[in-house]
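*Asks:* Quick one: the structure is below, and I'll ask about it shortly.
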Amino acid sequence: MDIRTLALLSILLGTLCLTEGKPVSLVYRCPCRYFESNVPKSNIKHLKILSTSNCSLQIVARLKHNGKQICLDPKTKWIQEYLEKALNKKAKKT
C-alpha cells in the first residue's frame, strides 16, 4: 500500500472516531411536535417546562391516570396563568 494512501486512510479513520454518534436530525429535533389543548389541570400529575435554543417553549405533562407524557399547548389560558404565577414566585425569592 502506498504511504499516501495509508496516511489518508488513517486520517479518515481518526476523524470517524472523533465524531459524535448522533445524526444531526436527532440533535436539533424538538421534543414536542404536537400539542394537546383540551387537558384539564385535574388530570395532570406534574409539568416539565423545556426551553432550548432550537425550540419554542415546550411544556410536557405527565397524566395522573395512566402516567403518559403529553405536550401541552403553551398558549392555553390556564398554562399561561400557571407560568405567570411560577415566574412571579421565582422573582420574589431572588
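Cβ coordinates come from backbone N, Cα and C, glycine included.
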*Asks:* Among 29-33, 54-58, 84-88, indicate the range for which Swiss-Prot gives the feature region 'Receptor and heparin binding'.
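*Replies:* Range annotated as region 'Receptor and heparin binding' by Swiss-Prot: 29-33.
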*Asks:* Would you mind telling me which of 15-19, 60-64, 70-74, 75-79 Swiss-Prot tags as region 'Receptor binding'?
*Replies:* 60-64
*Asks:* Provide the three-state secondary structure of ASN43 (heparin binding site) computed with DSSP.
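*Replies:* Assignment for ASN43 (heparin binding site) reads helix.
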*Asks:* Going by DSSP, how much of the region 'Receptor binding' (60-64) is helix, how much is strand and how much is coil, in residues?
*Replies:* 0 helix, 4 strand, 1 coil
